[in-house]
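Okay, so here's the structure we're looking at.
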Amino acid sequence: MEDRYKNTNLYQGGREANQVSDDYRYQDGNYEGYAPNDGYYRGGDEPAQEEDAQSDVTEGHDEDDEVYEGEYQGIPHPDDIKEKQKKRAPAVADEYRDRADLMAERMEDEEQLAHQYENIIEECGHGRFQWTLFFVLGLALMADGVEVFVVGFVLPSAEKDMCLSSSNKGMLGLIVYLGMMAGAVVLGGLADKLGRKKCLTISLAINAAFAFLSSFVQGYGFFLFCRLISGLGIGGTLPIVFAYFSEFLSREKRGEHLSWLCMFWMIGGIFASAMAWSIIPHYGWGFSMGTQYHFHSWRVFVLVCSLPCVASLVALKFMPESPRFLLEIGKHDEAWMILKQVHDTNMRAKGEPERVFTVSYIKTPKQVDEFIEIQSSTGTWYQRWLVRITTTFKQVWDNVLYCLTAQYRMNTLMLAVVWFTMALSYYGLIVWFPDMIRYLQEEAYESRVKIFDEEEVSHFTFNFTLENQIHRNGEYRNDKFIGMKFKEVRFEDSLFEECYFEDVTSSETFFENCTIISTVFYNTDLYEHKFINCRLINSTFLKEKEGCHLDFEEDNDFLIYLVSFLGSLSVLPGNIISALLMDKIGRIKMIGGSMLISAVCCFFLFFGNSESAMIGWQCLFCGASIAAWNALDVITVELYPTDKRATAFGILNGLCKFGAILGNSIFASFVGITKVVPILLASSALVGGGLLALRLPETREQVLM
């Protein structure tokens, strides 16, 4: 190994990266600097061995030359390998070498491979293949965006079918983030051991299956479980998608096109908002089977929201594994064939099918992992599987610990703080905005309340809706309340004598300090908890309604859908700007600038005292913060090597989801109490995270290690 590769930093940029890159110029299908004296596995061999090793099926064979430039030479013949080994000086077997030496040798190999792979991707070009993969992975990212919004949209309607309490609704919103947090760490880590495509397929399959199932289950417990596992599946999507796509992009294209990919998360939010707006208000859509099974419109919405995930899962079947990952685990031939496929697909699309893929072999890093091959006769089948699973998760755990070693510790800790502060502020505020708008609506609604004092009504039939009223010190004798609805109605210190209630539904309706004599309640949802400090004398409750049967059209809060739709749409300008400038001004300035501008937007929330003002500031905040999210995704991909990339991204994204859970809980608790704490907390977190981000290393000039 040449001396110039020893003691070099993993991430070289600028002049050093260009100097090393120049050492790998193409010459007769090979790279200069790759002398065959290192003994590593390679797909080709020396010119003297080409006659035995050449592949006749590779296009570009020239009758005048034994091997045309760029012809794939396959696996070397064993006799040639033995002869070459005899000519070399005797080397110490790997099992007798120090592990630190093997790791140092692997690091040198990794650096050489990184620069060679960059040249190969540049030769393959950017074209039809990358754009096809872009849309396939975009659908997967869209499914992740949809998942964040689904529960929030269905809660107003789902609580009718499941009669959810406030704590139940809070847990349903929380459970998805818990699943996504676990899925990001576990599936992200597995993607570095099992492969990007395989783990992404598993992730999407889990999400599709349990999202589909959750639309049919009736009980709250089963629905909660399905959404948890669905979140677990989709949680692995984000780290895998960015690691996967980045390994097909050259250095000049990486920042821009990863930022374009982020737009699909916005499209997912728009899709969920539009579908909720067009489906959920039609509460009659669906069907019922008896009195126990109901399939209402919100379940149709949950079903429709699984479509992007299913579409991505089907399309992913036709995409190859990441060749960079295959090279990392020593599968040289498979990686070469995929890179040739990328090259040929792009060249045919450009109208240059005669262009030949000029790469004959690719550097393969030294393999130092200890693989355990279990014979079929060893133990029982579940013992063999247990050993394999245990070994795999041990390797994943080793990767997690590796991200905290001296080489990556500072970058990991700084990124963790930036991810956490960004998530705490962003997810906390996007929950706080709708809650504040709803609170402002409730204040306006309560200001219009009608108060009736000391009214006396007898022998009258109520068969219409009573809404937003307070009745005090009234007397109701021989009255009938039939087929009617109460919404936000309170009866205080009133008398009901020989009255009859039939087929009554109610929302936020209570009887307080009332006296109820010889009254019959038939088929109503006026349960015991709605009578506060009341005296019930000779009164009868017959055939009480089961479950929740509210069907007030107003409960389908159109404003929630509108706010989410506008919030998702408002990130479009920020997405476009960040994509166009990502490679020009750099990742670090993008993160710092975006977070500081978002902090300023937070400060001006003090002046938002109306619904329209809150919606406007939400749109401005979302548009300003999206650039930081995009740059965080890009720099996280670029700071870590291939065999640790998805693991590191998964850890940081899992921490992001923890920040989201914390932000949701903290910010929601201050709604209606004060605006000062949420605004100051979000602004401070954004300023601190933005300033810390400026200390991260810039990566736009680095090759992908």
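Heads up, the Cβ atoms here are built off N, Cα and C, so glycines get one too.
Caution: TrEMBL annotation is automatic and unverified by curators.
Annotation source TrEMBL lists domain 'Major facilitator superfamily (MFS) profile' at 133-700.
Residues annotated as region 'Disordered' in TrEMBL: 1-92.
Here TrEMBL flags 131-154 (among others) as transmembrane segment.
The transmembrane segment annotation in TrEMBL covers 174-192 (among others).
Positions annotated as transmembrane segment by TrEMBL: 199-216 (among others). Tertiary proximity for the transmembrane segment (199-216) is limited to same-chain residues at least six positions away from its ends with a CB under 8 Å from its CB atoms, namely 140, 143, 147, 150, 183, 187, 190-191, 223, 226-227, 229-237, 240-241, 244, 295, 299-300, 302-303, 305-306, 309-310, 312-313, 316-317, 646.
For 222-246 (among others), the entry in TrEMBL reads transmembrane segment. Sequence-distant contacts of the transmembrane segment (222-246), counting only residues of its own chain at least 6 positions beyond either end whose CB sits under 8 Å from a CB of the stretch, comprise 133-134, 137, 140-141, 143-144, 147, 151, 158, 162, 171-172, 175-184, 186-188, 190-191, 196-197, 199-200, 202-211, 213-214, 254, 257-258, 261, 309, 322, 633-634, 636-638, 645-646, 649-650, 653-654, 657, 704.
A Cβ distance under 8 Å defines the sequence-distant neighbours of the transmembrane segment (258-280), meaning residues of its chain 6+ beyond its ends; these are 134, 137-139, 141-146, 148-150, 153-154, 157, 241-242, 245-246, 249, 297-298, 300-301, 304-305, 308, 556, 558, 561-562, 564-565, 567-569, 571-572, 575, 578-579, 582, 626, 629-631, 633-634, 637. The transmembrane segment annotation in TrEMBL covers 258-280 (among others).
Taking Cβ pairs closer than 8 Å, the transmembrane segment (300-319) reaches residues 132-133, 135-137, 139-140, 142-143, 146-147, 150, 153-154, 197, 200-201, 204-205, 207-208, 211-212, 214-215, 234, 268, 271-272, 275-276, 279-280, 285-286 in its own chain, all 6 or more past its ends. The feature transmembrane segment is assigned by TrEMBL to 300-319 (among others).
Through the fold, the transmembrane segment (413-433) approaches residues 563, 567, 591, 595, 598, 602, 614-615, 618, 621-622, 625, 628-629, 632, 635-636, 639, 651-653, 655-660, 662-664, 666-668, 670-671, 678, 681-683, 685-686, 688-689, 692-693, 695-696 of its own chain, all at least 6 residues removed from its boundaries and within a Cβ separation under 8 Å. Feature annotation from TrEMBL assigns transmembrane segment to 413-433 (among others).
The transmembrane segment annotation in TrEMBL covers 558-581 (among others).
Annotation source TrEMBL lists transmembrane segment at 588-608 (among others).
The feature transmembrane segment is assigned by TrEMBL to 614-635 (among others).
According to TrEMBL, the feature transmembrane segment maps to 647-670 (among others). Proximity of distant same-chain residues to the transmembrane segment (647-670), defined by a Cβ-Cβ separation under 8 Å and at least 6 residues beyond the stretch ends, is recorded for 173-174, 177-178, 180-182, 184-189, 191-192, 235-236, 238-239, 242-243, 396, 399-400, 403, 408, 412, 415-416, 419-429, 431-432, 435, 636-637, 639-640, 677-678, 681-682.
What TrEMBL records for 676-696 (among others) is transmembrane segment.
Outside the transmembrane segment (588-608), and at least 6 residues removed from its termini, the chain residues within Cβ reach (under 8 Å) are 418, 421-422, 425, 429, 574, 578, 581-582, 614, 616-617, 620-621, 624-628, 630-632, 635, 675, 679, 682-684, 686-687, 689-691, 693-694, 696-698.
Model confidence over the domain 'Major facilitator superfamily (MFS) profile' (133-700) stands at 82, taken as the mean pLDDT rounded to a whole number. Listed as Cβ neighbours of the transmembrane segment (131-154) (distance under 8 Å, sequence separation of 6 or more from its ends, same chain) are residues 172-173, 176, 180, 200, 204, 207, 211, 227, 230-231, 234, 237-238, 241, 244-245, 248, 257, 260-269, 271-273, 276, 280, 298, 301-302, 305-306, 308-309, 311-312, 315-316, 319, 434, 560-561, 564, 568.
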